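The block underneath contains the structure these notes are about, expressed in C-alpha cells.
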Amino acid sequence: MTGGFAFRGVVRTAAAVLAIAALLALGSLLPQSTPLSVSPFVVTLAGKYLAYAMLALAVDLVWGFVGILTLGHAAFFALGGYAMGMYLVREIGARGVYGNPDLPDFMVFLSWKALPWYWWGSDHFVVAAVLVLAVPGALAALFGWLAFRSRVGGVYLSIITQALTYALMLAFFQNGLGFGGNNGLTDFKDVLGFDLHRPGTRAALLMISALVLAGAMLATRALVGGRFGRLLIAVRDAESRTRFLGYRPDQVKLLVWVVSALIAAVGGALYVLQVGIINPGEFAPANSIESVIWVAVGGRGTLSGAVIGAVLVNLGKTLFTAWLPELWLYGLGALFIATTLFLPQGLMGLGRHLVRRRAEVTPEITRPAGDAA
Amino acid sequence: MSGEALLELRGVSVSFDGFRAINDLSLSLRQGEMRAIVGPNGAGKTTMMDIITGKTRPDTGVVRFAGHDLTKRDEAAIARLGIGRKFQKPTVFEALSVRDNLLLSLKGLRSPFALLFARETAEEAGRIDALLETTRLAPHARVQAGGLSHGQKQWLEIGMLLGQEPQLLLVDEPVAGMTDAETMATADLLRDINRTRSIVVVEHDMEFVRALGVGVTVLHEGSVLAEGALEAVSADPRVIDVYLGR
C-alpha cells in the first residue's frame, strides 16, 4: 500500500469544494434574517482555508509524489502573498494615513522619497499577477536547481528548506528591504476597483478561490495521473534506478518543485486578498511545518487529503484557539503524532478502510494473493 | 582479441579512503560477446560495474564504450548511450504495476517535458507485450511489482533492461536467490539476449556460468587474475588458490 494512485476522488473533492463555497458565498449575500444567511466573517474564514488548501496541495505534490519533504513551502506562499500585497498597497493610493498618492504609508514613515525600483509597475494588477508567479517560481527554480543537481535529498533538503524560509523571514523583518518590515503590508481598500470590505467582493473572492483550487486539483491530478506521474513515483521510490534507465531525476524533481511553488504562490495571493494582511510571520518555519501536518492528517499522496486536511485542521484551529488558545499547539502536536501512529494514510486512508470493510467481509479470501493493492 | 572492442577498460584504478577497490584493471569486450566475471567477495566486481555505468569515477585509467569516453558522463548519459544495468538486489519500482515498470524502461522519451503529455502508443504497447512474453510476466502485467516473487522481480528487471534496447547489458548476480529451474531458464534467457546484444554478467554460481558457456574473467583484489574458458580458468592454480585454498 503506497497511496501512489489513490487519488480517484479528486474530482469529487473539487466538486464538494465548489459546492460548499457557492453555498457560503450565496448565503452571505442573503439578508441576515433568512435561515441560510452566512456572516461575512465565515466567508473570509472559508477563503483563508481554501488559500491554505492550495499550500497543502503544493506540499502534497512534492512530498506525496516525489518524496521531497519540504519544510519551507510557506516561503513560496508568502512571496506570492507579498507580490499581491504590493499591488493592493498601491491601490490604496492617496487614501492612506499620510495621504501620499505615490508612496505607501510605511515608506512615507521611513521618509523615503521615491519607490524602490522593484516596486515599479506594482500599481498594475497584471504586473502583480505576473510577479505572484514569477518571483516564487524563479526562487524555486534556482533553489531546486542547486539542490537537486547536487543530489541533496532527504532530511538535508528538509533542513535547507527550513533555512530558506527562515532567512526570508529575517530579511522581510528588515524595514530597509522595502516591504513594510514587521508590520508587513495591510490596510488594503480595494482590488481592481472593487471594495474589499463589501460582502459581494468577498463572496466573489471566495468563489474565485474555490475555482482556482478546484482547477489546481484537477491540474495536479493530471500531472500525477499520467505517464509523468509514473515517473514521479519511480523517482520517489528508487531514484538511482531511474538514472540507470537514462532519466534525470533532478530535472523531474525540479519541474514538479517549480509547479508546486507556483501553486503555493497563487494560494498566498488569494490569502492576502481575503485576509487583508501579509507580514513576515507568514515565512515562519512553523507555518511550513503546519502545512506538512495538514497533508499528513488528510492523507499524503492523495491530493484530496491535502485539501481536506488543510480545511479541517484549520477549522479545528479556529474553534480551538477561540476556546483554549494556549492548548492549540499541544493539540496540533498530538494530532500529528496520532496520525503518524494510527493513521499513516491519514483521513483518506481511514475513509478507504471503512469503505472497504463495508464492501468485503473477508478481503484476504476475495483478493488474490500478490494483488494486494 | 582483434576487431574493435565495444567496451574497453585500460589501467583503471579507484580507491576509497585509501583502499584500492580497483587496481590497474584492464578488460576488453568485443561486440556481441558475453562475458562472465567471477571472483571472491571484495574482488571489485560491483565497483567495476559502478565505474562503467558512471556511478563511480575512476581515479585513473580509460573507460571507453563504442568510441565514447565514459569517465566524463553521468549515469543517465551512459544509459542513453546504450548500457543497461541490472542490480544485484532486484531494483524495480515496487509501487508501479509490472506493465508500468516496463513502460518507463522503454527506449525513447526521457525528457520530463516530453513525458508530461505523452500517451502510450500502439507501438509501445506492442513492445511491452513482447517484453512481458520474453520475461514470462504476461499473467502478472497489472500486478504491483512489489508483489512479485524474488525470481519474478529479477526477470522484470531484465525485461526493463531489454526495454532500454541497450547494446551492452551489465548483469549483477542475476540468479542469486533463484531456484535451480529458474537459474537454468535465466541462462537460456541471457543466451537468447546475447544473440543481439553484448553482455557482462557477474556471478558466483559456477553451475550457471557453466550453463552460459562463455568466456570467464576472474577478478581478484581489483585486477584481472585470469581470463579464458571456464575449464582452463578453473584449472589455473592461482584461481584455485584464491577461490578454494588459503
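Glycine residues also receive a Cβ, built from the backbone N, Cα and C atoms like all the rest.
As recorded in TrEMBL:
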type	residues	note
TRANSMEM	A:55-82	transmembrane segment
TRANSMEM	A:126-148	transmembrane segment
TRANSMEM	A:155-173	transmembrane segment
TRANSMEM	A:203-224	transmembrane segment
TRANSMEM	A:254-273	transmembrane segment
TRANSMEM	A:293-315	transmembrane segment
TRANSMEM	A:327-347	transmembrane segment
Folded-back contacts onto the transmembrane segment (A:254-273), same chain, C-beta under 8 angstroms, at least six residues removed:
47-48, 50-55, 57-59, 61-62, 65-66, 68, 70, 73-74, 76-85, 88, 129, 132-133, 135-137, 139-141, 143-145, 148, 185, 188, 191, 196, 205, 208-209, 212, 216, 220, 223, 232, 282
Same-chain residues at least 6 beyond the ends of the transmembrane segment (A:126-148) whose Cβ lies under 8 Å from its Cβ atoms:
75-76, 79-80, 83-84, 86-87, 157, 160, 164, 249-251, 253-254, 257-258, 260-262, 264-266, 268-269
Using Cβ atoms and a strict cutoff of less than 8 Å, what residues sit near the transmembrane segment (A:155-173) while being 6 or more residues removed from its termini?
68-75, 78-79, 82, 143, 147, 179, 181-182, 184, 279-281, 283-285, 287-288
Which bits of the chain, at least 6 residues beyond where the transmembrane segment (A:55-82) starts or stops, bring a Cβ under 8 A of a Cβ in it?
3-4, 132-133, 135-136, 139-140, 153-155, 157-166, 168, 172, 179, 184-185, 213, 216-217, 220, 223-224, 229, 232-233, 235-237, 252-253, 256-257, 259-269, 271-272, 278, 280, 282-285, 287-289, 291-292, 294-295, 298, 300-303, 305-307, 309-310
